[in-house]
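Q: Mind looking over this structure? Questions follow.
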Amino acid sequence: MLCQECSKRQASVHFTKIVNGEKMELKLCEVCAKERGDLDLGHGEHFSFHKLLAGLLDIDELQVIGEKVIEKVTCKNCGLTEQVFVNSGRLGCSTCYETFGFKLNPLLKRIQGGTAHVGKVPVRAGGKIRIKREMQNLRDKLNLCIAKENFEQAAIIRDEIRQLEKETERGGS
Amino acid sequence: MSLDNFIKKHASNWMKEGKGEYSDIVISSRIRLARNIDNIPFPQLADQNQQKQVEKMVSETIDNKDHYRFLLMSSLSYEDRLTLVEKHLISPTLINESKYSGVWLNNEETVSIMINEEDHIRIQVVLPSLNLEEGLQVADEIDNLIESKLEYGFDEQKGYLTACPTNLGTGLRASVMVHLPALVLTKQINRVLTAVSQLGLAVRGIYGEGSESLGNILQISNQVTLGQSETEIIDNLRRVSKQIIDHELNSRKYLMEENKVALLDKVYRAYGILSNAYTITSKEALELLSYVKLGVDLELLDGINPHFFKELIVITRPGFLQKLYGQQLSSEVRDIKRAEVIREVLQKK
């Protein structure tokens with residue numbers, strides 16, 4: 001049969017795409033198939049893999065949560081735009097994980113077994129994580145003391161929190 | 001240079017060492033950790049200055065520089081870079097990366113610290129036979145050393161932050177390269193592969209992602225990097241690999257007991273072609289070498305150097321052949337030279 005795109009050349013590539021359970025079939029000639037860029041013919045497996053990954057991302061033009069329209073996001077640190085991110089499926093820097101977290105989390109559920117890291121923690125960050133957890137603990141205690149009107153104890157805890165804050169500012173671990 | 005000297009000089013440890021667990025079936029075990037420096041854009045998005053900065057920052061963390069040498073990709077010829085890929089010392093991706101992409105290689109050629117690949121840092125350890133535990137231990141020590149001097153991109157929930165979400169978490173890709181000719185001959189291989197993929201593992205060809213499975217050699221690696229610890233990942237891979245090895249051994253036994261004539265025919269035809277051919281393609285060579293190796297493992301063929309297979313699957317690749325002959329060779333000439341090298345190795349008694 002003839003190519004469904006150009007209606008001139010013989011169709012040699014049969015292409016099936018399934019988006020949200022809807023099946024779309026296309027029969028194209030090699031030239032049109034290459035031009036569409038939806039599929040990679042033979043070369044650059046890596047590239048098509050990222051395309052595939054990107055295809056798992058939600059690429060709505062506008063994201064609506066409740067009544068609020070979320071504007072397109074750009075990473076403050078590296079300048080990666082949402083458009084580039086959804087096209088490539090790759091992040092630009094470590095900050096991108098915060099910036100695009102809302103898009104990424106559903107993807108992680110699909111491609112990874114879990115969404116929470118349980119492996120190695122670097123010593124430096126590990127120190128920070130410990131301090132962060134301790135601070136949260138102290139804040140909880142502080143609130144409890146204030147609620148009980150135990151201001152003397154609250155003042156001690158407040159000082160401990162300040163001390164820890166100073167340590168984190170110094171980059172301590 | 002004689003072929004013997006060439007092999008001595010250019011073979012990596014995993015190609016030369018034949019001892020270790022399941023060393024006749026498991027060619028090598030590999031551990032790879034992906035790491036990035038906090039706040040600096042990942043290589044794909046970083047500008048030249050930032051890439052240069054990353055190269056400098058990582059290079060400064062390498063302590064015992066006597067044990068390492070640094071190779072900057074842009075200062076190497078294409079053939080030399082190809083040779084590094086063929087020896088599995090760098091990833092095919094690194095070849096095409098930026099001006100400041102490079103690798104720190106240890107003298108034994110078991111450790112590669114790649115800089116400005118898809119991620120800023122990729123620590124890779126390759127060891128002969130089934131030995132994921134030692135690989136992880138070595139990689140872990142290097143990781144700790146680098147991390148003591150650099151701030152990594154890390155998140156409590158998401159773990160090590162990587163350019164591609166498929167590496168997020170541990171950043172660990174562990175893999176074993178296995179030679180499974182009997183599973184192919186007994187047509188069991190597809191059933192095994194389907195089962196493997198259902199266990200969260202991936203099966204790839206000899207040169208990683210997107211490469212063909214040649215010479216009955218496959219790489220089995222973990223797929224998931226988030227939600228499992230490093231030890232869980234390698235333990236899972238090890239257990240599955242062991243079962244595949246057992247299947248391969250059973251299939252070999254079956255062939256020896258129930259189908260010996262067909263097996264002898266396959267092995268000796270392969271040996272006959274390889275020791276007499278005057279031109280051979282890389283694909284055909286790998287396929288036939290696989291059956292000669294099977295013959296050696298089953299003691300149907302003797303007098304062949306036990307390391308011949310691991311050496312030849314690397315030396316007969318295009319980059320290596322050109323290095324051996326010290327010049328660029330057209331693919332027709334390569335086919336002739338490849339046949340020559342194989343004849344020489346197989347004739348040695």
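Glycine is no exception: its Cβ is also placed from the backbone N, Cα and C atoms.
Found this in TrEMBL, in case it helps:
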- B:25-251: domain 'Phosphagen kinase C-terminal' (DOMAIN)
- B:28-32, B:His88, B:Arg122, B:173-177, B:204-209: ATP binding site (BINDING)
Q: Can you name the residues of this chain that are 6 or more positions from B:Ile31 (ATP binding site) yet have a C-beta less than 8 Å from its C-beta?
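A: In sequence order, the residues whose Cβ lies under 8 Å from that of B:Ile31 (ATP binding site) (at least 6 apart) are B:Gln124, B:Val125, B:Leu132, B:Gly135, B:Leu136, B:Val138, B:Ala139, B:Leu172, B:Arg173, B:Ala174, B:Ile234.
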Q: Drop a 10 Å sphere on every Cβ of the binding-site residues B:Arg122, B:Arg204 and tell me which sphere holds the fewest other Cβ atoms.
A: B:Arg204
Q: Provide the number of Cβ atoms within 10 Å of the Cβ of B:Ser28 (ATP binding site), excluding the reference atom itself.
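A: Excluding its own Cβ, B:Ser28 (ATP binding site) sees 26 Cβ atoms within 10 Å.
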Q: Show which residues of the chain containing B:Ser175 (ATP binding site), separated from it by at least 6 in sequence, have their CB under 8 Å from its CB.
A: B:Ser29, B:Arg30, B:Arg32, B:Arg204, B:Gln219, B:Ile220, B:Ser221, B:Asn222, B:Leu237
